[in-house]
């Protein structure tokens, strides 16, 4: 049993590949982590979150969405579509740091609430495989972590700049809780589809910013 | 002739997240020339578009260039087959370009054999990122993988290369022709195809790490380890005794354990009795110094002013023919007088009595040196004094009528250290035995010996305050045990390593002593005639206590 425990722990550590301990033990106060480290860390976390989201979506799709055509309902279903995010490389490269970072922060904040409810509702879903639940829980945690990191980066890259507008609010909770199983599964599908997309956006923008700011477009 | 069969979209792929291509598979053409069109609409738009480019990707493909490619948007794509008879549409494919990224294989794979001067030679593999991928801006992130094998081998050796565009291979077999391929993968997406093979011939004289020698060395050392383990297992015990000789335990000469196990106490005692007594052959070259303790009542414990005032420090054997108390010396008619050829100091082993039960029975033939801590009446720092219940610790001849035990006093300091060394057991022992000791000790303290009972500051013990707890103060107990005959110890023998074996000398000449204990050597005598016993293995001069008491001739059993 000790060997098993050792294997499990090492597996967890290997699988994570994410630094989850705070860099500054004293908190964000006086401690100045280098921007390069902050970006490295943020990129790692965003990459990890996107991986988890993709896996979670694929699991759900495999288990609950086969032949159901949920994808057709997923068009325009994301609560964050109101955010004016760049849609290709040229647009993204022409977007200023500040705008991009505010977009990232907005996305991260707007997902706090849905992630929380996602965990709760997935728990209540009958027969929900642990693969989905565990990833949901992990994503919720990592999202908070990434948000903290982004705020620090924002403070360093653009000191004095203000963080913008309120973020889009999610209102899909009732649809997650309907009695109709198909409707409920469809709602879950949409949520996971949007989560996968938004985590990809955050990941891409961060990697762009990283190469632009830290490596001077010479990654 | 019929309408065309339903076409099917095979897949769509984006090589760099900036453009993408879709492939479809035509259905049956229904016997008529069939045209294929691809139509799509994007998420959030209502307008339907047609494929902007049917040519670039080849037949039955549609190529979407940068202008027409949006990321994070679902494309709903349909292929239509049109012939004269009708139109047939495929099932729509919902595509998000973000998730269909599959790069081209890396380009320009080059192989080079390098022979640096002071290092091992290696194969240097280099390549370039695939076309259409913008790595510099960070839009596209790539990882690489190399595989190689000798031409004739079946299995590929795979190396992961992360973001670098070169790799060095050291483990190569000379004389072989190697094939090398490389492929890549975006951070989120599909692996590319393997690049075309590159090959290189390793020359025959290519020096290689000589692994066979190391294998031989490893096997040899493993064999040696096994042999050693086996030898240790077989002869472990004898090796252990050789390396770590067993600590000699206390032995009682003449005490046959086997007899004891059998429960034959009679024979046991007889065996003890039958020992050479006094011991002869094994003690000849040992120091025969010992201390005589006189338990005569009119012997005083108070050091007489005329006597030497025993100061601290080890004193040589004090020979005072006037009093034989507390002094075992070569010139005193004692047990070992004939043995005292060499007045060397030998250590006495300090051996506390075992078991409070022995103390309860004063008649038992047990001797022990009991160190108890008692404070003086003035309540000063306690000092040790060796005492046995109604027995003196030093062998000396006493008339049976003597009942006032004379005790030898040990310097607190040394005995402290000694006792502390056995703190746990002895403390408890002494706690319990203390009462008995107190009685006897009080006999000394009371009466004229009271004055003699000086307290000595114990340097050693003063730094050990916890001693107080371990050693209760026999302040309050004062019953005189004068009525009972006193026992005292006579030296049974001195063993090879200077262990003094004592046994009680019975006033009534009760049978042979059963047990003997070993005592440490005396390190010094204090001015209150406290004999300091320490477990000092080194040879030191034996200090004899000068007891200013009436002497009595030592009586041999």
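Cβ atoms are placed via backbone N, Cα and C, with glycine included.
Residues B:213-234 are the range that TrEMBL records as transmembrane segment, among B:169-190, B:191-212, B:213-234, B:235-256. Per TrEMBL, the listed range annotated as region 'Disordered' is B:439-476 (candidates: B:439-476, B:477-514, B:515-552).
From the options B:87-128, B:297-338, B:339-380, the stretch TrEMBL describes as region 'Disordered' is B:297-338.
Across the domain 'Fibronectin type-III' (B:3-103), the DSSP tally of helix, strand and coil residues reads 6 helix, 47 strand, 48 coil. Shown for the domain 'Fibronectin type-III' (B:105-205): DSSP residue counts in helix, strand and coil, namely 0 helix, 48 strand, 53 coil.
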